[in-house]
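Quick look at what Swiss-Prot annotates:
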- G15, L16, D17, R18, S19, G20, K21, S22: ATP binding site (BINDING)
Amino acid sequence: MATDQKRGLLIVFEGLDRSGKSTQAKRLVESINKKSTESGDASSSPSAVLQAFPDRSSSIGKLIDQYLRKEIDMDEHALHLLFSADRFSKNQMIRDNIAKGIDVICDRYCYSGVAYSLAKGLPEQWVRSSDVGLPKPDAVLFFDVSPEVAAQRGGFGEERLETATIQQKVAAVMPTLRDDAYWKTVNADGDLDSVEKNVFRIYENLDREKPFESLEKI
């Protein structure tokens, strides 16, 4: 990394299914790249990239996608490790982009993996250990919406984990994963534009000067 170039940021969007996080993650990437272009940045590289987890286009992600779409069944322990493997497959990509000064915006990350596996009753210590060593986010934006409101939004129920019972359990687990040092709560009940402005305010106040770290615990 050039000495005069600040590193990129790793920002994670988390929340229940249909909480609006995917839409807002895309909007943040678009806003960052638009602002960079308007400021006269002549670089051919984007200023921000979006990474969704699972990556359903990868070989690992395709298996996960088949499970989520109810096309295949799978042991829950194997599924948890597949989700972790999917994230680790992007480990170097994330680190390389951060080193180049490119922000990486993740639609879900290890916290979803932990929350869903705990909601399904897998052993806590084992579940929490499988993602240790991944890049540590500079911020986790948790989209706060009730399971009841999320269930009323379009598309809910199309995939295996989109059930009221699982979503309620995940909603109960997520706060136990929170680290106030870098977790931020976003009220997801507002309109798209107001939520987007709130997200961008959080983004603009993040610190690029602090060292980039790896997760030591979850």
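Using the three backbone atoms N, Cα and C, a Cβ is placed for every residue, glycine included.
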Site with most surrounding Cβ atoms, counting all protein chains shown within 10 Å, from the binding-site residues R18, K21: K21
Coarse DSSP state, helix versus strand versus coil, of R18 (ATP binding site): coil
Fewest other Cβ within 10 angstroms of its own Cβ, chosen from the binding-site residues S19, S22: S22
Cβ atoms near G15 (ATP binding site) (within 10 Å, other residues, all chains): 27
